[in-house]
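Swiss-Prot annotations:
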| type | residues | note |
| --- | --- | --- |
| BINDING | 26-33, 105-109, 160-163 | GTP binding site |
| DOMAIN | 17-232 | domain 'tr-type G' |
| REGION | 26-33 | region 'G1' |
| REGION | 84-88 | region 'G2' |
| REGION | 105-108 | region 'G3' |
| REGION | 160-163 | region 'G4' |
């Protein structure tokens, strides 16, 4: 039959669609979960069994009166449904004719800041909800600050519950003016404001007749058309090596994800930290070879020369190098329920690199509600200074055991971000966004990297290579040793 559904063609077409990752944030009862539920409902992306369950749950535990409680599509935890709030990050996937979406519904409470950081770490766009009755409040400012901290370039201010202010243009303009005045110094390049009613569906999927004064497009139309391709850094080639692939003696490839930039066959690349160069022989994928690769593609690169490269090292263009250093400043969010121990060292995971690190100084803490910088005397950590607690944000100085290869987070999110790992519990203690390198001349005397002087060992020179191989494996596991021949 001519009308028979071609499943392969449908899947191929769906695979070619662009993917937009977005998060929603707002105060309690601003309607985040209701908005996403309405988006799924009106775009006909729910199955019949989901609709039946939604109707049953709305009558049993819903908070929308006689209406369907669309928030129940997102609020999955029992505690969330009982309290009518979002606690965990809820993810939902759906697609339209124009694009695929992954939505992270993040909690609005201050005590769940780490959940919002987690949900927004991969987002291209943020929807900040405000209640038309209350306007821009402290939580709105906090969420917007966190969005700017994460480097999200596109923000939608969704002024919800417009039906409760009679769809007043004057009220909408007042909220927009106040918000744009606040957001301007944060440096978010793309801010759009949409009046809507999530419960009734106004301006969610289709334009509403109840806002004739609004000349923009609906929320879904905006999400389908917002341009995100330029958000990637296509200038600075960075290829953190994740795995060395050697299936046989005739093939040696370096696997990983292109973090930024573009690499082509024949390009000259440099391996860091060795500084050795070679040319790209081939770019291999599961579907065959490519002439070039770009972010966020995962590929295997083969080189014309046999140079020593292992996991944690990086391939770059020799005329465009990242910062190579052990000392840097960063904005850091504390994620562990255990307060920061000033005497503890951590593992730092940055791209595929792993090293030991210590926190040398806290420049200041940030009050996420007022944006105020809370300074710490001389920037030094002492027992008299309260260490970082769960969800607190600070500008810190770190020193790593071995050199890292990084760019500022604002320039390159992939190579400018890191996590700290507690070496005892393996918990993620903190996440960070690198600002820049920092001079640490005053701390040179406290350099605690152990030194191995091969000339002082009673070992034949032919065994030095084996020792260096062991040292390199220790470095790969985050334990640095300086070798002197």
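Every residue, even glycine, has its Cβ placed from backbone N, Cα and C.
For the region 'G4' (160-163), the mean pLDDT of the prediction comes to 94.
In this structure, residue 106 (GTP binding site) belongs to neither helix nor strand by DSSP; it is coil. Here residue 162 (GTP binding site) comes close to 132, 168, 172, 195, 196, 197, 202, 210, 211: these same-chain residues lie at least six apart in sequence, with C-beta atoms under 8 angstroms from its C-beta. Sorting the region 'G1' (26-33) by DSSP state (H, G, I as helix; E, B as strand; all else coil) yields 2 helix, 1 strand, 5 coil.
Counted over every protein chain shown, other Cβ atoms within 10 Å are most numerous around 32 among the binding-site residues 26, 32, 106. Taken residue by residue, the region 'G4' (160-163) breaks down under DSSP into 2 helix, 1 strand, 1 coil. The Cβ neighbour count for residue 29 (GTP binding site), using a 10 Å radius and every protein chain shown, is 17.
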